[in-house]
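Copied from TrEMBL, the annotated features are:
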BINDING   Gly9, Pro10, Ala11, Ala12, Ala13, Gly14, Lys15, Gly16, Thr17  ATP binding site
DOMAIN    5-40  domain 'Cytidylate kinase'
DOMAIN    56-195  domain 'Cytidylate kinase'
Amino acid sequence: MKFTVAIDGPAAAGKGTISRAIARHFGFAHLDTGLLYRAVGMKGGDPVEAARSLTDADLRRDDLRSLEAGQAASRVATIPEVRAALADFQRRFARREGGAVLDGRDIGTVICPQAEVKLYVTASPEMRARRRWLELGGEAAPRSLDQVLAEVRERDARDMNRAEAPLRPAPDAVILDTSDLSVDQAVARAIEIVQSRLNAQ
Ligand code: CDP
Ligand code: CDP
């Protein structure tokens with residue numbers, strides 16, 4: 001069976017959490033496509049060359065989850081040749097046997113416009129910044145909540161306003177606003193949406 005779930009949305013909306021839960025629940029494979037851009041951003045040198053020669057070892061670096069890696073990713077992600085170099089791998093992953101969940105910024109719009117399910121997961125910038133800040137340690141975090149919010153807004157603006165594959169919901173995406181949802185509620189809603197599409201097949 002080939003079945004693709006495309007999950008897009010801004011930073012810290014809950015895409016990864018929801019994607020992992022869907023993958024676990026339905027036995028699908030999961031690809032966090034942000035990791036590809038983070039690895040390219042942290043590799044250094046010419047980003048186009050870095051994207052063309054990306055290896056498993058590049059994807060296993062310990063520093064890929066940092067705020068710096070997020071910023072570096074969103075800068076290299078504006079380069080069309082970088083995006084093109086990463087597209088084939090993502091499309092092959094999406095059509096593997098047994099189902100696949102991909103999360104990122106352009107999965108439903110550019111990488112898999114034919115995906116069986118498209119979710120656009122979002123939340124207010126304040127809520128997303130608070131979640132990232134809590135992940136960094138809250139009061140013990142090396143950044144203030146205001147700094148994290150500024151970074152979230154900067155990255156949103158770059159991702160939404162770039163010419164190539166800007167972040168926006170696909171016309172047929174289901175919008176899931178997680179601002180006022182717990183993780184369990186958001187996951188339950190997402191699973192329900194995927195299940196009803198599977199039932200309709
Ligand atoms: O992948 P993305 O950057 O969109 O977000 P994430 O890493 O899945 O989630 C960011 C943080 O928000 C995690 O610490 C989640 O536990 C938390 N969170 C959530 O994902 N969904 C909610 N409804 C509430 C909190
Ligand atoms: O987890 P979080 O939402 O903070 O970020 P991420 O998904 O790891 O993505 C990091 C950056 O990579 C984003 O801000 C985008 O600029 C870029 N990206 C992209 O352009 N297209 C994708 N499919 C995934 C990520």
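Along the chain as shown, residues are numbered 1 onward.
Note: Cβ is positioned from N, Cα and C throughout, glycine not excepted.
Annotated features, which come from TrEMBL, shown on the structure.
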{"residue": "Gly9", "record": "ATP binding site", "contacts (Cβ under 8 Å, 6+ apart)": "Lys15, Arg105, Leu119, Tyr120, Val121, Thr122, Leu167"}
{"residue": "Ala11", "record": "ATP binding site", "contacts (Cβ under 8 Å, 6+ apart)": "Gly70, Arg128, Arg132, Val152, Arg155, Asp156"}
{"residue": "Ala13", "record": "ATP binding site", "contacts (Cβ under 8 Å, 6+ apart)": "Val121, Thr122, Ala123, Arg128, Thr178"}
{"residue": "Thr17", "record": "ATP binding site", "contacts (Cβ under 8 Å, 6+ apart)": "Val183, Ala186, Val187"}
Which residue counts does DSSP yield for the domain 'Cytidylate kinase' (56-195) in the helix, strand and coil classes, in that order?
82 helix, 15 strand, 43 coil
For the binding-site residues Gly9, Ala13, Thr17, which sit with their CB under 6 angstroms from an atom of ligand 2?
none
Using DSSP, how many residues in the domain 'Cytidylate kinase' (5-40) fall into helix, strand and coil?
19 helix, 8 strand, 9 coil
Shell list (ATP; ref centroid = CB of Gly9, Pro10, Ala11, Ala12, Ala13, Gly14, Lys15, Gly16, Thr17; cutoff 8 A):
Ile18, Asp103, Val121, Thr122, Ala123, Arg128, Thr178
